[in-house]
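Scroll down for the structure; my scribbles are underneath it.
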Amino acid sequence: HHDRAQVDIYEKLPVPFGLVRFGVAPDHPEVKNVINTFTQTARSERCSYYGNVAVGKDVTVGELQQAYHAVVLSYGAEDNRVLGIPGENLAGVHSARAFVGWYNGLPENQHLKPDLSCETALVLGHGNVALDVARILLSPLDLLRRTDITASSLAALACSKVKRVWLVGRRGPLQVAFTIKELREMINLPGARPVLDPADFTGLGDAVKDAPRPRKRLTELMIKTALEKPAEKTVAAAAREWGLRFQRSPQEVLPTADGTRARGVRVALTRLEGSGDSAKAVPTGEVEELECGLVLSSIGYRSLPLEPALPFDPQHGVIPNSSGRVLGAPGLYCSGWVKRGPTGVIITTMNDSFDTAQSVLEDLQAGVLDVSAPREGFGAVGSILRSRGVRPVSFSDWEKIDAVEVARGKAAGKPREKIVDPEEMLQVIGH
């Protein structure tokens, strides 16, 4: 939309694509096709990629602002929300974010080693990520072997004893955050049967009559699944099972006798006040204990401030902004989860980034951004990085890493074998 714009992309890791590479489930390859569009952009003569550069550490945002007319922060949500309950630091308790990073090859999670020697796992949360981790835990190995799941997590899953996964939520069936596509995929997972309690869905058919169509269809699918009597041969073939537990709020992760590991979760039974998406879960005073050896907390992601001096709203975990313009910081913009919170899918985030780009273009036209004086861009930043011993990775460097991953994958019958260690990535390109 602007024929003179030059865009440089800075990325902490040597490899690009962020959440598409490290967040999208390995058995959802079609969702990763957006990489083709990103690659076309990266190959443009007016776009440059600089990986292996941690903004806030290797170069400050202030230094970037001196080198560019406009700086856009779109670094997402690199932390997870904590449960804030006793026992959540016991062995056997992980964030779903770390678990997803582990099987998707996110370098910081390569050494996770989740203990899969128990039969029952508990996932706290009713969103798409919760369904993702449940599906990966219960998927037949021959399905996973054909994906780009990492070699080490595939080996661990091959030895897994987990055969039962309960997904626990504080609210009811009308408040679940997952979508129908992901639920249907879970219901149809080979070798695993859904266990939904018909009592949880009593009277919901009427309640959902006037709901928006996606919510109505989703609820109808849950009701149908709860009421269906599975064929005997299906039950016999299903060595594994999963189910949804509603109106249960985690109070404490219970330790084993020696106090070192999780053996279950005490939950408060809740009742709902209000209706629809705004319904609140209020404890009834009753509690129950759910036994499990693995707890995955999937209650949302959280953005962190890059630098102490930058505007940041810690309560909502976002950069305060108006249409992507960072408040009180002319020439600074934000986009994606760090702009509006960790919700939505890839298309939501793409549309959001188009809105921020529009704000930049409007500010250029209105003269809010002074482009009369040229800025050096990477010329200036490159000198700073050299002086600090930081060697950026170019997009053509990434394409060499990509080629190695694809070749290794081909040898193993997979679309790619991800390199999970940044040092090895840099060795591949001779850094």
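Note that Cβ sites are derived from N, Cα and C of the backbone, with glycine treated the same way.
The local packing around Gly344 (FAD binding site), expressed as other Cβ atoms within 10 Å of its Cβ over all shown chains, amounts to 14. If you look up TrEMBL, you'll see Glu11, Leu19, Val55, Trp337, Gly344, Val345, Ile346 marked as FAD binding site.
What TrEMBL records for His126, Gly127, Asn128, Val129, Arg170, Arg171, Glu182, Gly344 is NADP(+) binding site. The 10 Å shell around the Cβ of Gly127 (NADP(+) binding site) contains 20 further Cβ atoms across the protein chains shown.
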Report, as a single number, how many Cβ atoms besides its own are within 10 Å of the Cβ of Glu182 (NADP(+) binding site).
20
Rounded to a whole angstrom, what is the C-alpha distance between Glu11 (FAD binding site) and His126 (NADP(+) binding site)?
31
Write down the Cα-Cα distance for Gly344 (FAD binding site) and Gly127 (NADP(+) binding site), rounded and given in Å.
11
Compare all C-alpha positions of Glu11, Leu19, Val55, Trp337, Gly344, Val345, Ile346, the record's FAD binders, and send over the largest distance in angstrom.
25
Going by C-alpha positions, which of the binding-site residues (His126, Arg170, Arg171, Glu182) is nearest Leu19 (FAD binding site)?
Glu182
